[in-house]
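K.L.:
My questions all concern the structure below.
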């Protein structure tokens, strides 16, 4: 996946400034940086969910939007209307819709895919619950299950571990590593850099501009972290 000269602005204020990099296929890549660095903006800009001032994102010489059916997106929980009357099962079943098109309805095959995904995240016992009744960790598992049901090749996750329990975080991380081991490409916006070395193969260190990008052991150094975070107090955690 190639990002070339990506610039994004809100109300004429630059949020992402001329970012160019390549994201390796079959890797777990983390987007890391201080608050306000543009991490979520970069993720959404890559997917074409928000307007770009300039730049392009391509995969195999085609715009990334061309591969939309092969891309799964897990948004921040705050972006989801938890009052919407949908059950856990139906939420996960939505993951099968991109492959169905506009007319075809989900059948036995799709329902089994949803059940299999719920089993992987250990949420089958909650399938009839309304999503607003779930805890943060349970809800995040459901979002992951929806992505699994899609059978995507590329997974974008925006702060999937924020405000969830450790059991859910460990389960989700195991699933992401399993997907990576099966050749999937995974990009995660992440805020807890104490776990960066344990979670990711590569990182994108960002503060509106690209600070560094590459394998964790080469990129996640004290010097580069301090450059990205500036005067903000940062406890160096590479290798933890």
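Backbone N, Cα and C define each Cβ position, glycine as well.
What Swiss-Prot lists as domain 'ABC transporter' is 1-233. Annotation source Swiss-Prot lists ATP binding site at 33, 34, 35, 36, 37, 38, 39, 40, citing sequence analysis.
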K.L.:
For residue 36 (ATP binding site), which residues of its chain lie six or more apart in sequence with Cβ-Cβ distance below 8 Å?
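P.N.:
Correct list: empty, so none.
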K.L.:
Using a Cβ-Cβ cut-off under 8 angstroms and a sequence gap of six or more, which residues of the chain neighbour residue 38 (ATP binding site)?
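P.N.:
8, 15, 16, 206, 207, 208 - these are the non-local Cβ neighbours of residue 38 (ATP binding site), listed in sequence order.
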K.L.:
Just name the most isolated of the binding-site residues 33, 34, going by other Cβ atoms within 10 Å of its Cβ.
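P.N.:
If we count Cβ atoms within 10 Å for the binding-site residues 33, 34, the smallest count is at 34.
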K.L.:
Same chain, not part of 33, 34, 35, 36, 37, 38, 39, 40: whose C-beta falls within 8 angstroms of the C-beta centre of the ATP site? Give them in sequence order.
P.N.:
41, 206, 207, 208
K.L.:
Which ones in the same chain are close to residue 40 (ATP binding site), with CB under 8 Å and 6+ residues apart in sequence?
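P.N.:
Listed in sequence order, they are 76, 158, 159, 189.
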K.L.:
Mind giving me a neighbour count for residue 37 (ATP binding site)? Other Cβ atoms within 10 Å of its Cβ, every protein chain shown.
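P.N.:
The Cβ of residue 37 (ATP binding site) has 22 Cβ neighbours within 10 Å.
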K.L.:
What average pLDDT is reported by the model for the domain 'ABC transporter' (1-233)?
P.N.:
94
K.L.:
Counting Cβ neighbours within 10 Å across all chains shown, tell me which of the binding-site residues 35, 39 comes out on top.
P.N.:
39
K.L.:
For residue 40 (ATP binding site), what is the secondary structure by DSSP, using just helix, strand and coil?
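P.N.:
Assignment for residue 40 (ATP binding site) reads helix.
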